[in-house]
Every structure is written in structure tokens, then in C-alpha cells.
Amino acid sequence: MEKRILGLDPGLATLGFGVITCTQIANKVPETTVNMLDFGVIKTSADVEMGLRLCTLFDDLHTVMEEFQPDLVAIEKLFFYRMSSTILVAQARGVLILVLGQRRLPYVEFTPAQIKQALTGYGNADKLDVQEAVARELDLDEIPKPDDAADALAVALTASYQL
């Protein structure tokens, strides 16, 4: 059985997405294969009014959902030290959750520490360790760029380990 998982790294200026397929093969010992379909980012400009930025996220997220038809969406939970950053990302995250609700799509959320633990075995791993694990798990020649897209793939992989 194949599942398509969309990983999202929420952000207002840059929202990363990564799409993988997870196929379970029924042998004597069940085996799962994971393949990367696509990754990228949705960008908005700080020079544009907030409402228009959120509309861009809304429209572009619908486009991604329409193109890839995910079965499950995995989202990185908010984790910030600065309140101003948290508020901006929370607004973008609200749009994201709205799009998922409109499409009746199930979603799961993971903290940064859960993602690091799942991919590296260490909850305090650094960003490069996680990105290298993403490239290794997906059999990629290099780390996906930009970082937001690599992070989104990490979130999707974390969800695939829970299936």
C-alpha cells in the first residue's frame, strides 16, 4: 500500500514543502520503501501587505495539494524564542491549517526535537546532521536546498516512520 505524505515547514516569508511516497511491502518481514517526489518553497515578500502574503500562501498551498494529492500532511510545530517571529509564523500556520481543513486532510505535528530524534537518533542534533540524514534516507546525491525544503522533507520522513 502506498501513502503520499506532504511535509510542511511553516513560515511566512518561506514555507518549505516536501512530498514523499511511503510504500509498505508485505513480506515475511514487512518492509517500507520511501521515495522523494518533489520539494520546494512558497515565498512571500515582506514588502507586500500581510493580507496579500497570506492569500499567496493560501493559493499556493492549494496548488501544491492539488498537484500532489497527499494522503497525510506532517507539520513542524512552532518553536521560537522571539514572540514577533512566533506571531508571524502562527499566522501562516493558521492559513495552512485552514487549507487542510477545507480539504479534510488528516495531519500530524512534530516538534523539532522529535524530528531530530527520528532522523538522527539524537534530539539535540544540529541542522546539518538532519539534512544529511534526509539526503541519505531518500538516496539523494546532495542535501536538498533551500533549508526550508530539506526541513519539510525531514518532517515528512518523521511521519513515514510512524506508519
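A Cβ is built for glycine as well, from the same backbone N, Cα and C atoms used for every other residue.
Note that the coordinates shown come from a computational prediction; the quantities given were computed from them, not determined experimentally.
In this structure, Asp9 (active site) is part of a beta strand by DSSP. Per Swiss-Prot, active site is recorded for Asp9 (among others).
What Swiss-Prot records for Glu76 (among others) is active site, and it gives sequence analysis as the kind of evidence. DSSP assigns Glu76 (active site) to a strand. Around the Cβ of Glu76 (active site), the same chain contributes Gly7, Leu8, Asp9, Pro10, Glu109, Phe110, Thr111, Pro112, Ile115, Asp151, Ala152, Val155, each under 8 angstroms and 6 or more positions distant in sequence.
Taken from Swiss-Prot, the feature active site applies to Asp148 (among others). Sequence-distant neighbours of Asp148 (active site) (same chain, 6+ apart, CB under 8 A from its CB) are Asp9, Gly11, Thr14, Leu15, Gly16, Val41. In three-state terms derived from DSSP, Asp148 (active site) belongs to a helical segment.
The Mg(2+) 1 binding site annotation in Swiss-Prot covers Asp9, Asp148 and rests on sequence analysis.
Look at Swiss-Prot and you will find Glu76 tagged as Mg(2+) 2 binding site.
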